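**Q** Can you read through this structure? Questions will come right after.
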Amino acid sequence: MESACLCSYLRLHFLSLRYPFVRVLLSSRAYLEASGGAQLSALYPENVSLLFKLYCLTVMTLVAAAYTVALRYTRTTAEELYFSTTAVCITEVIKLLISVGLLAKETGSLGRFKASLSENVLGSPKELAKLSVPSLVYAVQNNMAFLALSNLDAAVYQVTYQLKIPCTALCTVLMLNRTLSKLQWISVFMLCGGVTLVQWKPAQATKVVVAQNPLLGFGAIAIAVLCSGFAGVYFEKVLKSSDTSLWVRNIQMYLSGIVVTLAGTYLSDGAEIQEKGFFYGYTYYVWFVIFLASVGGLYTSVVVKYTDNIMKGFSAAAAIVLSTIASVLLFGLQITLSFALGALLVCVSIYLYGLPKQDTTSIQQEATSKERIIGV
């Protein structure tokens, strides 16, 4: 029975190499359970249904689109504009509290929870210093996002921010010694071309009356994507260097992040904060943005475990579409031909970048295994 299941799996695998739609079906746990039974399903590590994957895709898409549109709304409609640096600082505090709660749940008892904090946080100043690097970089990135969305439409921002993909790819090659396939390199250049089209003649929002500087906005995005690429790969390298819990690492990073963002808050807006107050200009919409920034980042880092690059690509493309629709309705965005073509090119390149690479070595090994099984 096991040999028959393995043969069935090998046949499906070879079909997936030739026909992309079979590869998509193979990524679905529900399809495996329907066609191959428990033995075939056991070849895949995560017991995740297609419905749960779609749920993850939907949440990731809605969070990304809602965060961008809501942040843009708070930066262009409020008469009393809040301090973006305070919002970034509060976000770090909420992330820390959530991570502490999740670590407590993971450890299972108060004693183990205290021991974990004492050993990995209070007793590890070197590790705190190591995680202060991505904390500083992420603080810069988050503040740049506020600056960019104060000067660019949400849809333009959403498309342009996808430059984080080639930036992350470059950091991955340089810092983790990984390689990219030819198709991935092609998709990187396609993405850059699409962003160039979008920025060539930026779409204008007729309902936004505040003064804007598109060049400043694009410069802020450029800094944000550089920070995103470096910090993401750096944090991944730290995570893989030891078996320390993800939530412990998050706590180490957010502790440093609070110190960094608090210092930045008072260096940048200290005089005005003393005059007007830390929470000056805060509304329900601002708190909603902070909520999305806090929970969205942590949630995405968890659900990514249960999805693949293709689904993440669909999520990014869907977020671009939703942001564009919301921008037309809320801000009177006027879609231009260059924006439409550029956005389409970016969506296609995201999909192509997420396609799995073919490993010819493993194909040859599996072919040999198949011949042996058939011979038996």
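Cβ atoms here come from the backbone N, Cα and C positions, even for glycine.
What TrEMBL records for this protein is below:
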{"type": "TRANSMEM", "residues": "50-69", "note": "transmembrane segment"}
{"type": "TRANSMEM", "residues": "81-104", "note": "transmembrane segment"}
{"type": "TRANSMEM", "residues": "183-200", "note": "transmembrane segment"}
{"type": "TRANSMEM", "residues": "215-235", "note": "transmembrane segment"}
{"type": "TRANSMEM", "residues": "247-267", "note": "transmembrane segment"}
{"type": "TRANSMEM", "residues": "279-302", "note": "transmembrane segment"}
{"type": "TRANSMEM", "residues": "314-331", "note": "transmembrane segment"}
{"type": "TRANSMEM", "residues": "337-355", "note": "transmembrane segment"}
**Q** Against which stretches of its own chain does the transmembrane segment (314-331) lie, if we need a Cβ under 8 Å and a gap of at least six residues from its ends?
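**A** That would be 57, 60-62, 64-65, 68-69, 72-73, 76, 153-155, 157-159, 162, 205-208, 343, 346-347, 350-351.
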**Q** Cβ pairs under 8 Å only, please: of the recorded stretches 50-69, 183-200, 215-235, which one is richest in them relative to the transmembrane segment (337-355)?
**A** 183-200
**Q** Should anything in the same chain at least six residues away from the transmembrane segment (247-267) have a Cβ under 8 Å from its Cβ atoms, list it; otherwise answer none.
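**A** Answer is 83, 85-86, 88-89, 92-93, 95-96, 99-100, 102-103, 106, 116-117, 120-121, 124, 127-128, 130-132, 134-136, 138-139, 142-143, 235, 238-239, 273, 298.
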**Q** Which sequence positions outside the transmembrane segment (183-200), separated from its termini by at least 6 residues, show Cβ-Cβ distances below 8 Å to it?
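**A** For the transmembrane segment (183-200), the nonlocal Cβ contacts are 156, 159-160, 162-163, 165-166, 169, 218, 338-339, 341-346, 348-350, 352-353, 355, 357.
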